[in-house]
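Pulled from TrEMBL, these are the features on record:
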- 1-33: region 'Disordered' (REGION)
- 10-21: compositional bias 'Low complexity' (COMPBIAS)
- 52-61: domain 'Uroporphyrinogen decarboxylase (URO-D)' (DOMAIN)
- R57, Q58, A59, G60, R61, D106, Y181, S236, H350: substrate binding site (BINDING)
- D106: site 'Transition state stabilizer' (SITE)
- 169-185: domain 'Uroporphyrinogen decarboxylase (URO-D)' (DOMAIN)
Amino acid sequence: MPDVENPQNGAAPRPAAAPGGTPDNGRAHLPAARRDGPFLNACRRLPVPHTPVWFMRQAGRSLPEYREARGTVPMLEACAIPDLIVEITMQPLRRYAVDAAIFFSDIVVPLKAIGVDLDIKPGVGPVIAEPIRDAAAVGRLRPLWPDDVPYVTEAVRSLEAELGDIPLIGFAGGPFTLASYLIEGGPSKNHERTKAMMYGEPELWARLLDRLADIAIAYLKVQVEAGARAIQLFDSWVGGVAPADYRRSVLPHSTKIFSALEAYGVPRIHFGVGTGELLGLMGEAGADVVGVDWRVPLDEAVRRVDAGKALQGNLDPAVLLAPWEIAAERAREVLAQGRTAEGHVFNLGHGVLPSTDPGALARLADLVHEESAVHAGTR
Ligand code: CP3
């Protein structure tokens, strides 16, 4: 497999934002004819006919057809069945006029694939049988090889063919968020043991995060080489870390991930919840697009992030549980604030809540397109 970081011909890697270029090393087998639509162009801060939209967790429990397709198959088993991955990834595209698909998987899939004993418990989240708390346990975390996740390669390839011009977003868990699951043993409110290691055993912490960064890199490369046209790093739970500690203890590892992906030229999105104070640093890590939750208005996020970045977000997912006219008004506000950004990808501020009416999401996707097309001057 060609290594994009060390091109064999000695040529410098292609710069990140090179729309319409030829496929990169590792991606040469992919069709060259795919058009870059509104999602990829907004990520690259290029003109778009309308604001693109997709929804985090657009596939999932809010859809009856998802519940039907999953049946009684446990979550992690479902993530290893290519036909099921393809079906579930495609489901929201049949209902919503979204501009991108997100690969159906989970942030803990690569950990499971390297032999970490873990499960995803319904209503709880990832649970780790033997939490990682010492040097020996960190040492046992081995690298991820593409052969560990053949079902990912197969499913992404099928999706790439099925989606045509609609881009597939690949993703991985951010180093803090994965470390928290591994150290705490499951979901956590205060990330107590995680922070105790971050503060008290900085060398062990750095070794753990470095390994998790390498796993994320390998997992993202598998997806991009199979056809994913953008990637998102979900460091969902990093919002509890102060900026100085983020800079010291997390940023170097996230930077390693983004720079390892740079040569592919696919847009890189960086998202976390409650990260208002970290938005600038999350951009600095090397993201092309900074994801914003609903707490910081996008026009304020513009001021917090360096020039040269697009923004993604940020309607409060709970607004969709209110009457439609309220949600519509709030969505118009997000669009107006998003117009102050160099590029804007409309999304929710976090994932779709399971009790959301799919009809509201369908109307929301249409509203985003219609209202933003007016402003783009195409109507
Ligand atoms: O549509 C999509 O967004 C793609 C699919 C996706 C899933 N997990 C499927 C899933 C993505 C991008 C993820 C990432 C993920 N997983 C994150 C980062 C995103 C975020 O929400 O901040 C995190 C923190 C996890 C860990 C995790 N996995 C949690 C907290 C849960 C929910 C537990 C529950 O039951 O409430 C999961 C399970 C999970 N991952 C489900 C889905 C559709 C629910 C499984 C089910 O159907 O029971």
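Positions of Cβ are set from backbone N, Cα and C atoms, glycine also.
Curation does not apply to TrEMBL; its annotations are automatic.
Taking the features listed in TrEMBL, we show where each one sits on the structure.
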residue : record                             : contacts (Cβ under 8 Å, 6+ apart)
R57     : substrate binding site             : G351, V352
A59     : substrate binding site             : Y66, I88, T89, Q91, P92, I102, F104
R61     : substrate binding site             : R67, P354
D106    : site 'Transition state stabilizer' : M75, L76, C79, I120, P126
Y181    : substrate binding site             : V108, L111, L118, G125, P126, I128, G173, P187
H350    : substrate binding site             : M56, S236, V273, D293, W294, P317
Outside the domain 'Uroporphyrinogen decarboxylase (URO-D)' (52-61), six or more residues from its ends: residues with CB under 8 Å to it: 37-39, 41-42, 67, 88-89, 91-92, 96-102, 104, 169, 271, 345-348, 350-352, 354, 361, 364-365, 368-369
Listed recorded positions adjacent to ligand 1, that is, members of A59, R61, D106, Y181 whose C-beta is under 6 A away: A59, R61, D106
Secondary structure at Y181 (substrate binding site), reduced by DSSP to three states: helix
Rounded mean pLDDT for the residues that make up the domain 'Uroporphyrinogen decarboxylase (URO-D)' (52-61): 97
Site diameter for substrate, Å, by largest Cα distance between R57, Q58, A59, G60, R61, D106, Y181, S236, H350: 23
